[in-house]
């Protein structure tokens, strides 16, 4: 570590070196674009470890996004090796989630003070549920300002956004809703508002009138907010933004909790500090409060690149830091290692409109770069010219990955992707689709609507169109005339209907009869399987995009608590509200390709050649005034706004974003706009006029040769993108960061392609009924033993049954299945309790069963290493239930591992030895079956236990407290044979197991996903994905 660190330290300039080596006390580092802030953060962590006695897990680094956190960890690994994985590098949200996960009992009653609520029973609101609650409250009560006459729901989405802002910024006027806004006081603070303006008729009026209306709406919003929170409380619901506030509130009332994390994290680093919101800043305050104004906190950011911060608060964070840490070291990083000087000078002239004192950045690369501003006749001309220019650069041997097209909005990406595809230029982009606008989703939703309304002729006609490939073409007109009534008739005897059509009608008939008993996810699963949805997309070019959409739809169905009818109604309501249903952000394209992305996505990136097209005023400006007045300084004396009016604040916000766009370029910057887009006449953004006049503006006119080339280009067939190559790029991005779990490991060994489809691509599916039953049994045992730990006495059998009832209700099961499983589960758990109900005393040690030794025969387990023997017929109080390794970033070398242990018990407290236990439902297996010594051999369970053994060796949060001495499988057999089998593993066995882990990981990284047949256990999907 030291050699690599010293090499990197020697490359630093004096300001950077100071930022790395000033490790004690508060430090504010103002780092302009391209000044090496990520390198500073990673080297500073390495320096702390080198200079102090701190362990890696005593350092907390908070990044703005998960992607930034991962990239920082990768960079740190190159400097200090595997120790980098023990440094907590995460986002604020993930960090506060981990606190809640560590102390769930402290957060159990956060929404409902009237009764004790288990945190796990709380439900997070989605956008639709939030809007439904807001709509309900708007219509239930009389509102003068936030419910316009004749348009009751006009402000629906704006109210939703304001509620999120209140929570993110911890605006105390709203949170303490009894407080009142004093308009006269507020007007004095915001003197600029009192200016007079002229309306369209030329008459003067005071700005105060508009502002007072804004204040009145805000006061009503605060009253509305109180009712909204009460409604969430009654329904045990919470918002995404609530979680970080729960942790802050708990820190404030429970200093001991804050002290745990203050002692653990001796050094705190924050990336992109300028975009941290008030709630996140409060977290920082509590993490450092023990040390007062001298905490070891290092923040790095640039107010000029504040593009996510609350409106008007771009410089708030710096002021807050200096107020709370007045003795802080302030370090300015001014040497830019990215861009040429004239690019930096152009960007500086722009941003000086926001900040006249903007410090000049000095380019390390002394030669001048290229800047062009081109004005085209039409947007089509502009797109054609950019694609042509990129092709010329590629022809000059400039690799495509050195170029990027940066746009303001997501909907601008597609046209540029199409233009590059026409020229066979590889491109990549990150897509996030609104699945409700996708044809394949509309096809499925229409089918669901028909299945619950089979008498509808309109819906029948729609599905005949959508599923026309499964019908005989000659039958479509017959079906159109007969209508949906044909399904109720004996269509099998219809001679004028072909066999394929009869098969399709039979599927409809069968599914219609099943619908009343099924939940939404079960209906989707039938549609995916029976109506060949997945089979059809298995080998189409955009299958990854379609599979992602199906996953999103299935997840939405799983999250609903309503029946199919209500679920489909909710989705249609979302469309009426104008809500989108987005899946995860998917990488699409190839490696070594031109990047097409939004400016927000490009933050932190750099490219040799940057194209900034379609710089229109309506795209690069905010025209609508804010509906509410939510001053960030409502809870502090620091003003979060300046004297500029609201319009100027909006312009400054967009200017910062344009500054970020300009400073992505290293060598060349191609800025462009056009007179028209479609039939619309466009106006160029003011920001083009704010750039230095010495940058040449060029009007590109359509000469004959240009127009001929463009026409030929448009008529040429679009090149087919190499989708196998694009998929490989997507897969490589997924597999390099996806942790290997015990189940994933054994799935790969059984069939690598099955692993690909289930664990990486993750085809949408629901748990089988048996799996749901097993989940509910696990959950009941978890709650039962958690009570045992918390209360220090064994709960009653009725408690165990109660937990099972609650768990099975959450599973996706038909009414019939729920009734059957409720009876079976109660009987199983009652028998289980009766067998083990007598609690054991915590003994010093228990019998230890060594692994099978071929030299000694099968009875080697009779030779105990510890005594007295484990009493298998009693309940032992656990140390922990559901120990989750995922948040701990466990690594075996560079291989990320994860897993979850059902239960941990003491084995020998004096030696810190523990036993880890894994529950299994279903038919109990013999010890010899598990060890692979019989015809029914199944070593998967044994491999999973070895996986837990390895996790225990590697996780510092585990091995600093305990050492695994035994692993055990505990069967809850449906025949009430509650077998327990105990295993331990020596160094040689673990050495062989580790080789298997390495082999599997290397094969996954090499994208080796061949299909393997298992006799009697066919794979569900492999046949549909041959390529």
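Backbone N, Cα and C atoms are what each Cβ position is placed from, and that goes for glycine too.
Residues or ranges marked as domain 'UvrD-like helicase ATP-binding' by TrEMBL: 10-340. If you look up TrEMBL, you'll see 31, 32, 33, 34, 35, 36, 37, 38 marked as ATP binding site. According to TrEMBL, the domain 'UvrD-like helicase C-terminal' annotation covers 341-604.
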In DSSP terms, helix, strand or coil for residue 37 (ATP binding site)? helix
Among the binding-site residues 35, 38, point out the residue whose Cβ has the most other Cβ atoms within 10 Å, with all shown protein chains included in the count. 35
Give the sequence-ordered list of residues that share a chain with residue 32 (ATP binding site), lie 6 or more positions from it, and have CB atoms under 8 Å from its CB. 302, 304, 333, 334, 336, 359, 361
For the domain 'UvrD-like helicase ATP-binding' (10-340), the averaged pLDDT of the predicted model is 85
Hey, for the ATP site built from 31, 32, 33, 34, 35, 36, 37, 38, who else sits with CB inside 8 A of the CB center? 40, 302, 333, 336, 337, 338
Taking the Cβ of residue 33 (ATP binding site) as the centre, count every other Cβ atom within 10 Å, in any protein chain shown. 22
Set of same-chain residues at least 6 away whose C-beta sits under 8 angstroms from residue 31 (ATP binding site): 37, 40, 300, 301, 302, 333
Determine the Cβ neighbour count for residue 36 (ATP binding site): the number of other Cβ atoms within 10 Å of its Cβ. 21
Nonlocal residues around residue 34 (ATP binding site), in sequence order (Cβ under 8 Å, 6 or more apart): 336, 337, 338, 339, 361, 606, 663
